């Protein structure tokens, strides 16, 4: 892809309350962005950002702090899937969630979604509203593609000032990126998730499973697999005896010998992705539902 995506949490600019409302974002820039010739000189001409939704609507639960993301790519997937680990803004809630987003849903928002503009009339707590006016051509924030080149816009330096001024004034999208299934893949009580990696595994019977490895702020690792239309935690491992936060989590690229590497302030731990030797009978192995293991 010719685009770069990055994730962060920021204070809401759309609304203003007594307490600061935090919003999880995904932003996008183009790799070949050279800035503008006059407007946005030596600055991004393609910067756009949108809200990431991770909520349980029927329970009015909002997970608005993003802690980590992982992009799952696989030949068995039609497109990359972005997994994000979220917690609520209020620390006393004691919940964590994992939401997944198709890359096409992200691109739909940036390439076809509505923009926002600063509110011209004071409307209680609302500071930004949907922009319903005319959108310049080429589309603001879009990367230089064949359509733009056909109009003689070869680089961002060629883009008209009207397009550049628009993206400078309207970097925020009105449309939000919604998760797969419109709800979290996993919600866990009494835990704060910090990092995530995801693997895609074909079991001995040919069934493909998504396996999530999620670390906690107490030095533990949860392993969850997809079956029966849901994610289920099948294993918990204590990685660090001092119950310290896991700050980095990596999955080795070698398919033959899969290992996880977890880092904290005190050190690094190497762990296998599965402990198959703990299942001493066929019944125990099947009951564990671990796609890495077979009897």
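Every residue, even glycine, has its Cβ placed from backbone N, Cα and C.
These features come from Swiss-Prot:
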- 1-273: domain 'Sema' (DOMAIN)
- 30-143: disulfide bond (DISULFID)
- 54-99: disulfide bond (DISULFID)
- 102: N-linked glycosylation site (CARBOHYD)
- 205: N-linked glycosylation site (CARBOHYD)
- 275-295: domain 'PSI' (DOMAIN)
- 276-293: disulfide bond (DISULFID)
Smallest Cα-Cα separation from residue 293 (disulfide bond) among the disulfide-bonded residues 30, 54, 99, 143 is shown by 99
Protein Cβ atoms within 10 Å of residue 30 (disulfide bond), excluding its own: 20
Have a look around residue 293 (disulfide bond) and count the other CB atoms within 10 A of its CB, chains all included. 18
Compile a sequence-ordered list of residues in the same chain as residue 99 (disulfide bond), six or more apart from it, whose Cβ lies below 8 A from its Cβ; state 'none' when nothing qualifies. 52, 53, 54, 63, 83, 84, 86, 179, 180, 183, 184, 185
Residue 276 (disulfide bond) - helix vs strand vs coil (DSSP): helix
To the nearest Å, how far is the Cα of residue 276 (disulfide bond) from the Cα of residue 205 (N-linked glycosylation site)? 17
If you draw a 10 Å sphere on the Cβ of residue 205 (N-linked glycosylation site), how many other Cβ atoms land inside? 7
Mind checking which of 54, 143, 276 has the fewest other CB atoms within 10 A of its CB? They're the disulfide-bonded residues. 276
Average pLDDT across the domain 'Sema' (1-273), rounded to a whole number: 92
Quick one: of the recorded positions 30, 102, 143, which has its CA closest to the CA of residue 205 (N-linked glycosylation site)? 102
Counting across all protein chains shown, how many other Cβ atoms sit within 10 Å of the Cβ of residue 102 (N-linked glycosylation site)? 18
